[in-house]
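Now, the feature entries from TrEMBL:
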| type | residues | note |
| --- | --- | --- |
| TRANSMEM | 36-53 | transmembrane segment |
| TRANSMEM | 59-77 | transmembrane segment |
| REGION | 174-236 | region 'Disordered' |
| COMPBIAS | 176-187 | compositional bias 'Low complexity' |
| COMPBIAS | 195-208 | compositional bias 'Pro residues' |
| COMPBIAS | 225-235 | compositional bias 'Polar residues' |
| TRANSMEM | 300-316 | transmembrane segment |
| TRANSMEM | 336-353 | transmembrane segment |
| TRANSMEM | 365-381 | transmembrane segment |
| TRANSMEM | 388-411 | transmembrane segment |
| TRANSMEM | 431-452 | transmembrane segment |
| TRANSMEM | 464-481 | transmembrane segment |
| TRANSMEM | 530-547 | transmembrane segment |
| TRANSMEM | 559-576 | transmembrane segment |
| TRANSMEM | 674-691 | transmembrane segment |
| TRANSMEM | 722-740 | transmembrane segment |
| DOMAIN | 1009-1234 | domain 'Pecanex C-terminal' |
Amino acid sequence: MGSQLVQTLRQGVWASLTGGWYHDPDQNKFNNSCHLYLWMFLLMLPLLLHLALPPTTMALSIYCTSVTIFFITIKMVNYRLHVMFDEGDVVTPSSLSDVIQGAENKSNTSDSCLPSKLSDLLSTSSNSEYQDDLAGPHTDFPFQRRIIPAHRLRPRRTHPEIFQVTTPLSPPPFFPSTHSSFPSPLHNLPSDVTHPPPLHPPLPSPPHSPHKPLFVPDSGCRQPRPSSETSTQEKPSPKLYYKLKLFPGKWVNILYDRLTLLALLDRNQDVVENIVAVFLAFLVAFLGFILLNHGCFKDIWVFQFCVVIASCQYSLLKSVQPDAASPTHGHNQIVVYSRAAYFCIFCGLIWILEQMLRRKDLPVSTVYGITIVLADALTFLRDILVGLTFCFPITFLLGLFPQINTFMIYLLEQIDIHFFGGTAATGLHSAVYSIFRSLTALSLLYGFCFGALKEPWDEQHTPALFSGFCGLLVALSYHLSGQNSDPTVLMSLIKSKLMPTLVDSEEEGEDSEDIKDPLPEKLMNSVKEILLSDLVVCSIACILTFAITSSTVFLSLKVVLYALAGTVGFVTHYLIPQLRKHHPWLWISHPVLKSNEYSQYEPRDNALLMWFERLYVGLLCFEKYVVYPAIILSALTNDGFSLSHRKKLGIHCDVLLMTVAGMKLLRASFCNPSFQFVTLIFTIVFFEFDCSRASETFLLDFFIMSIVFHKLSDLLHKLNFIMVYIAPWQIAWGSAFHAFAQPFAVPHSAMLLLQTFITTLFYTPLSPFLGRCDDNNLNSIFYEYLTRSLQHSLCGDLMLGRWGNYSSGDCFILASDYLNAFIHLIEIGNGLVTFQLRGLEFRGTYCQQREVEAITEGVEEDDSCCCCEPGHLPNVLSCNAAFNLRWLAWEVTTTKYLLEGYSISENNAATMLQVYDLRKLLVSYYLKSIIYYLIQSLKLQTWIKDPSITKALVSYTKWHHIERDPAVFSVKIDEDYVHCLQGVTRTSFCNIYLEWIQYCANKLEEPVDCDEDSPLVTLCYALSVLGRRSLGTASHNMSNSLESFLYGFNTLFKGDFRIATKDEWVFTDMDLLQKVVVPGVRMSLKLHQDHFTCLEETEEPAILYKAISNYKISLVICHESDPAWRKAVLSSRDTLLTLRHMVDDGTDEYKIIMLYKRHLSFKVIKINKECVRGLWAGQQQELVFLRNRNPERGSIQNSKQALRNMINSSCDQPLGYPMYVSPLTTSYMGTHQQLRSIWGGPLSLDGIKTWLLSKWVRKDNLTSCNSGVNMEDVDCAGGSSSLSHNPNSITSQSLSVYQARPNRTSQANRQHTAGLVLYRKGTHDTSKGIVHPSYNIKLVSLPGKHYTSK
């Protein structure tokens, strides 16, 4: 513990303060000295130049040039050395003089890895023979050796510098490689290694071994260790040189290794990284010295600023690893540039502010009644930036600045959200794309608005240019709100349309056996559907907005619109969600508005669409597309009229603010108006009644308040998390120390609140300073399928209000019997939701189980109030239950949320095969399944007539041939075993299986000979022997043992066959194994399961044949590692079966897993998102920076009020250990069938054309029907149209089912399909002139089923 603390203080705290420099006792003196001198040089150079030279351009040039040349030299040498190590151009020393010299110079205070002279490090050579070889005898200095065979003497691929050549045991250090028959130590070196000339006569070759082991000392540099067992003394190993080529034909021998170089300097992988590092070093020097010359720092602060400069430049050479802001273990390349990049940003801003402050004509403005002196504001901002720059060492020590790429993503995302109404950013490319499209739309709108506000308006007339601006603003805002911030899918769609041949060639280039994921095509179709819909909707919205804003209707509807928005918002986003909660207002014990599935134990159908869900969707659409656009357009019209007559901040600033505010508010309203009504009401109350004189314009007031309320919401979540987390009655008192220490934590509350306000302002996670990946990754497929189900339905369910109120960044947990998934809503758009799913362990830890119990247990039965139990009113929670629910960082929003998934049933295979008779039954089904698949194969005739197979099976045609392998055949498990013959014969096989062979053969359309002497029976008999012999081999010839039998059967189930020599005839065609034997193994497992439910019914050939035929079509049986398993799950197959070998906590079990697709019931738990962000940030600092390796650390112990264990375990590795983490997935509302039935689907030109044609054709057909034509002779389209468009029509549904079923029904089960015959009779109503078709439906029964006619 003490050494770990010292290491953390040295490599973590001190290195963060200095930018990466610290003394490492594990490194040699050369590295530590270089680190110290480098840091001192970078510190003293700017300080001495600033003190010695006047603040002129010459001093700046000297400093910048020196730093640039210094970094170019170091980076170039470092890069060339790594290239040298990569190429592995090794040379060996010509003598042992260096070795002897190194041995004499060794001492306790010297480093054994360092040469004693500079000539030992660098020696110049040419590409000719060695010119400085030493001649003469050498003193014998034996080495401590380890034996390595000569044929294994190979240099390592990745680290060739570790490989070292040494001498054999005899006195001469080297042997000639051409004259001696004894293998040379250099014999197996690469061809580019230069061999030294022979120094000694050859030794005689050992007569007994052609591969005499060579004696090679331990690699690496280590101190000599005394040996008491031998009289020899340990010597240092010879040195290994690398050739650093300088010019053609000239190189320098380098005595160094890669590991020491990596400890000395960070490696830059390519030339671009080196250029970026040199440029950042120059920029740090330039900006830093500029500020020194401007006199921004005085006295001791000059030295402090030079320390900051040195730390930023030093981090480009040797960075802090791990950094406090690093989210990963190991070397993080981005951290190398973060400190220098932040320094350039801050100093660049300070320099710009200094230049602005030099101007004398800075204006004085009044905004919201506050007089702002621009000079004072800029000075205040500059002082803050200077103070933050001084605090760089402390800031990076605490990890307050994220990685530079994370900072750029965050900065662009926040600008896009708060100023342009964006949604979210999923990466750097996404952030750049989002800000670019927002700026493009802003520049287009700015021109229209500028042209409309240049001249004053007439009160009774709105300029056409301004109406065009409003129409374009609504259209662009609607389009941008419905687009995903990730352009990947959009680019794929564009690529498929513009370059279809390239896309087709890429698809053809892929392996045909690979599983084609249907999700990308599904996403492309959704994006295409949205784009086509936007083309129509945006055109209509632009025209309508232009027409409405051309009038003066908005000048007198403000009060009505405000009242309507407040009423609709209150009902939609407060009243209905509260009534649908599991505990409304945390007082009522049951939801008031219950779903149809609330009282059902196991719902089997889709969730029923309730009336209040229809009401919610209607109010939501009315609010999004009518109310708020009308309010914003009204504000634009009124503010535009006033600004056209009186410019407040100048024409350009007024136009920019109006455009930005209008686009932001419209996009936010289209995306998610859940909290807009609260912002609107507060804006009206505050600026109309409280501070009416401080108001600017309503549009700007609404815009500012939307940002303020966003920050206040974050602050509220943070305060809730803190209060819940540190409440005294929530803490589990583990010892007397906790009770003693808790009161002393009260003074730290002020610091915690200060941190809360700061993190709210900058939208950073609150990190509270308070106190394995998966046992079976095969379970992750269930979470992957759950992700696909959510992709299909999540957006629609959110819009139906089934998850309550939601916003971007919210976190939920879906909890069921065995699935616990963490859902993170990342982006909320207009008709789309981007989310990420994290699957937790099936059988979690003790702490996880306690938290799962906390979210699944009910509180309705709690009757306590304080210390007594007086009970509670009907349908109302008790006082204690209501109090406890208010002190949780999570809340149950829905108890019966249905989602399509797989239910899992498992049976212990050992229990089902414990008895020998059950194992015999399994082997019997195994052989019958092989026979079935053989006869059903399309290659049957080919196999029977194949001469090579026929020749190999000659022995199986003889009736007296006996298979007597006792390790394979046994009377206990083989039904055709003949006890007196001690084996299996063709006769015994036919006695048991001939009836089954003939029954299967008779089912074929083409007749095949199946008598006792037929080739078919011979092939069946041979395959039965092969199958049992494979099972015995896989069971290690111990089939009588249950464990061995299960192991062997599981091996065959996976498709791993070990074929004996006498069975190699099967390799004539691999389909005999892959299409006959392997499916037979897997089918036998299902038939064996059915034996326990069907008893003796499966003994009849007809029933068995029918069962296998049905399972072959409807059931997927394979191992979970088979790609077909994942394909079947993602293709939503109804039933799957597999055999799983489970090894967990010392148990070794085989489970028969059965999956049934059905609707799973989940509880939806909403978690405080600031609780999640804070706990994740705390885990990052604790595990990565502070290096806490305790598996039972306090930060992952269960905390029921915050679900600490579940939240921390769901974080990405290495912080957490989720079973599955999905990619960012986007769900579209167009894929939700219930929501589609309400709003009718997206608009498109083709859809409008089809609708118009259907109406026109229906009118014409109704006219033709009225002309007196007999309805039985003419198919009236009017009746057909009314039938097909009626979703509640049973006839329509039955017809659609009947028409679709034959396409999916195979020949095997077509006999069970019932036909539907429709007789239609028309009656003519002469009084009204309308035909009323009536339908008589008759069910015609086909063979196999009987139906009642109606």
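Backbone N, Cα and C atoms are what each Cβ position is placed from, and that goes for glycine too.
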Contact check, the transmembrane segment (36-53) vs the transmembrane segment (431-452), 3+ Cβ pairs under 8 Å, seq sep 6+: no
Averaged pLDDT, computed only over the residues in the domain 'Pecanex C-terminal' (1009-1234): 86
Long-range Cβ neighbours of the transmembrane segment (388-411) (under 8 Å; 6 or more residues past either end): 13, 16-19, 301, 304-305, 307-308, 311-312, 320, 323-327, 332, 334-335, 337-339, 341-343, 346-347, 350, 425, 427-428, 430-431, 763-764, 1180-1181, 1185
Within-chain partners of the transmembrane segment (365-381) [C-beta distance under 8 Å, separation at least 6 from its ends]: 353, 356-357, 649, 691, 693-696
Sequence-remote partners of the transmembrane segment (674-691) [C-beta within less than 8 Å, at least six residues beyond its ends]: 368-369, 562, 565-566, 568-570, 573, 623, 628, 631, 668, 698, 701-702, 705-706, 709, 713, 805-807
Positions whose Cβ lies under 8 angstroms from the transmembrane segment (336-353), at least six residues beyond its ends: 19, 266, 276-277, 280-281, 283-284, 287-288, 290-291, 294, 296, 308-309, 311-313, 315-316, 319, 323, 325, 378, 381-382, 385-386, 388-389, 392, 396, 401, 403-404, 407
Positions on the same chain near the transmembrane segment (300-316), where near means CB under 8 A and six or more residues out: 17-21, 38-39, 42-44, 46-47, 50, 67, 71, 277, 280-281, 284-285, 288, 291-292, 335-340, 343, 389-390, 392-393
